[in-house]
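Now, the feature entries from TrEMBL:
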DOMAIN    3-203  domain 'Cytidylate kinase'
BINDING   Gly7, Pro8, Ala9, Ala10, Ser11, Gly12, Lys13, Gly14, Thr15  ATP binding site
Amino acid sequence: MIIAIDGPAASGKGTLAKRIAEHWGLPCLDTGLLYRAVARDVVLLGFRIDDPWAALIAARSLHPAELLDPDLRTPQAGDAASIVARIPQVRTALLVYQRAFATQPGGAVLDGRDIGTVVCPDADAKIYVTARTEVRAKRRFLECQGRGEGVTIEGILADIRRRDERDASRGSAPMRPADDADLLDTSDLDIEAAFDAAVGLIKRKIGQ
Ligand SMILES: Nc1ncnc2c1ncn2[C@@H]1O[C@H](COP(=O)(O)OP(=O)(O)O)[C@@H](O)[C@H]1O
Ligand SMILES: Nc1ccn([C@@H]2O[C@H](COP(=O)(O)OP(=O)(O)O)[C@@H](O)[C@H]2O)c(=O)n1
C-alpha cells in the first residue's frame, strides 16, 4: 500500500506520515529532507544556492545516510531547499530514489509537496494536509524554540509565506493537492485528532 501525504510548510504532514507508517507497519520517507540535503551540499561545495549545475551534482550524489543531519531541520535549510526544488533536473534526479522507495515490497508512506501529483500518482490513498498560516507558524516556532534556535514568530511566519508562494508558483511539480486527494485541515485538531481523521480517510479510500 502506498500512502501519499502532501501539504504546505509545517502543516503537520511529517508527524502524520510517521504515525500512519507506524500504524500500518510501513517505511516512511520525508522527501523534504532530500531537497534540504541537496541545498546543504550545494553550499558545502562552495556554489551559489541557485546554481543548477551544482544542485544537479549534489542531487545525483546524495546518500540516504546524509539525511540524518539535525541541521537539515532549520528554517534556513527549508528556505534553501525551496530554491533548489525549483530546478527541474534536480527534481528528476530525486524522483528515481523516491519512486524506488515507494514501490518497495509492501509499500510505503511518503510526505512532501508532489507525492500525490508526480511521485506516486497511483498511490492507494492521498491526503493533502493544511492548516491556517498563523497556526502553522506557531507550531514551527514552538518546534524551533524547543531545539533552542533563536527564532521569532514573525520570522517564521515570513519564511512560511515566502516558501509556500515559491512552492506553489514554480513551473515544475508545484505544490498542489492531487485531484483525487482528501483534504485534511488540522488547524483545530491536535496531533491525536489529526491522526484519527487521517486514518479514517485512508480506511475509506482503501475500503477497510
Ligand atoms: N495537529 C497538530 N497540532 C499541534 N501541533 C502539531 C500538529 N501536527 C504537527 N504538530 C507539530 O507542528 C510541528 C510541525 O509539524 P511537522 O509534522 O514537522 O510539519 P511538516 O512536516 O508539515 O513540516 C511539529 O513540532 C509537530 O509536532
Ligand atoms: N516532495 C517535495 C518535498 C519538499 N520540497 C521542497 O523542499 C522544501 C522543504 O520541504 P519540507 O517538507 O522539509 O518542509 P516543511 O514542510 O517540513 O517545512 C519545500 O519548501 C519544497 O520547496 C519539494 O519541492 N517537494
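Placement of Cβ uses the backbone N, Cα and C atoms for every residue, glycine included.
Annotation for the binding-site residues Ser11, Thr15: lowest Cβ count within 10 Å of the residue's own Cβ, Thr15. Thr15 (ATP binding site) falls within a helical segment according to DSSP. Ligand 2 lies under 6 Å from the Cβ of the following binding-site residues, listed in sequence order from Gly7, Ala9, Ser11, Thr15: Ala9. For the domain 'Cytidylate kinase' (3-203), the model's average pLDDT works out to 97.
In the three-state DSSP classification, Gly7 (ATP binding site) falls within coil. For Ala9 (ATP binding site), the same-chain residues 6+ apart in sequence whose C-beta sits under 8 angstroms from its C-beta are Gly78, Arg136, Arg140, Asp159, Ile160, Arg163, Asp164, Asp167. In sequence order, Leu16, Asp111, Val129, Ala131, Arg136 are the same-chain residues whose CB sits within 8 A of the CB centroid of Gly7, Pro8, Ala9, Ala10, Ser11, Gly12, Lys13, Gly14, Thr15, the residues recorded for ATP being left out.
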